[in-house]
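J.: If you scroll down you'll find the structure; I have some questions about it.
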């Protein structure tokens, strides 16, 4: 049988001693974690392994012996190492030796002689970087069910066992060569445990600060959940305004950041780190926007430009309505209906112009407060901009609603009358089309109404088409703003930075490089970590977005437009069921 022995590269030059690690019988592999050096007392080594096993919940044991022959090998040392198998019984028992010069290695795995069992196994020696494996997080690909896991050293199950063993055995790496303990070890932190005074001070100070901020955020959430804000006008505005949605979303982010609850797994820790990076980037971009707006009186220039632009839009709408009231593109419209609809919409435009001029003295103050909201983050300012665009184009939305309702009324009337001609009717209770018999008067009235609606449909459809295109243009602008907001909210910046600076932290798998493959000697491989692709990093660690607006496919959108249903963001149809 072929056994796989994972050996850390940091122990390749360590003094002779015992191999401490974990044996994984399912994968037939041994994961070496450290080397215990001479002199030692066996009972103290067993006590250390028991403490590590209790702290990490990993079955750590003595796997064998390690011999580093810098000079001529001594026979007494060899006999002593062989005798340790009786003190620390483990099967199989590894004997790993690095010969003089550091070029040739020998590795053996012996078992106790029994009936029908061989006494020695073939060993494949795999070197790995212990620090990288400890700090990395494995993201194995989806394995098809027809493939067996664990058949070779590159299998997902074997890799997961290796990564899990090294990650859970962190308690074994807390001691270094400067400690005056009874047992001396060699591992990746043997030269000194990594520490930072600033990091320790930040950890001690973060507890009270997080507790205080979490209390303040809970108070803000309690105020926002009071019954005053649940009344019909306030609750309706809170559910429709993008600014309120973004503030609620950002409040959830802050509660997650300043939560005193410890992350239970690496995924939650990565999500919190990505949230911190997203909030910091949002605040930094918001402060840059605030400094740009309040510099060189740019807010005053924007206020002076906004009113003429609104007047220009209103004038263009008036010209468009006058064109529709004539003979648009040479089409023959119903004169009476065309004049009624045109004058109706022109009256709304006059009301809108009066409203704009009434608000013109306060535009600069409104823009000043909008710019001040950028201190809460760029996403809040962009959400407020989306609400301002919706407010400034409210007359276009009204035109679209009027045209859509009138168009939908005629479509429904024509469909009902068409069923009347075929002797059918819509059964509202059973939600199906049933047969029905009509008398002569009903058929005559139905024919007249069908003819009237059919000849009035082109005029109504033309107005509906024009205002739907204008509405789609406004929705596209708002969609771009919301897309930018969702990008800032959901982009995993910390994970992308980790992938760029330390690729081994996010592992998609491993690759093996052959170090030695000679007859009569064990196969030696070097395990290297394959970093996770950027696309998979974004897909795996993408933060949840606001999701305050309905999403429609292209087919659903075209079907809604053709049938005259209201589209994003105000109209959300819910089918009634009995």
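Even glycines carry a Cβ here, placed using N, Cα and C.
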J.: Would you mind telling me which of 180-198, 237-255, 256-274, 275-293 TrEMBL tags as transmembrane segment?
T.: 275-293
J.: Can you identify, from 143-164, 209-230, 297-318, the stretch that TrEMBL calls transmembrane segment?
T.: 209-230
J.: Using Cβ atoms only, state whether the transmembrane segment (340-358) and the transmembrane segment (370-402) have three or more pairs under 8 Å that are 6 or more apart in sequence.
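T.: In this chain the transmembrane segment (340-358) contacts the transmembrane segment (370-402) - 3 or more Cβ pairs sit under 8 Å.
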J.: For the transmembrane segment (440-457), what are the same-chain contacts with Cβ under 8 Å, counting residues 6+ beyond its ends?
T.: 334, 337, 410, 413-414, 417-418, 420-421
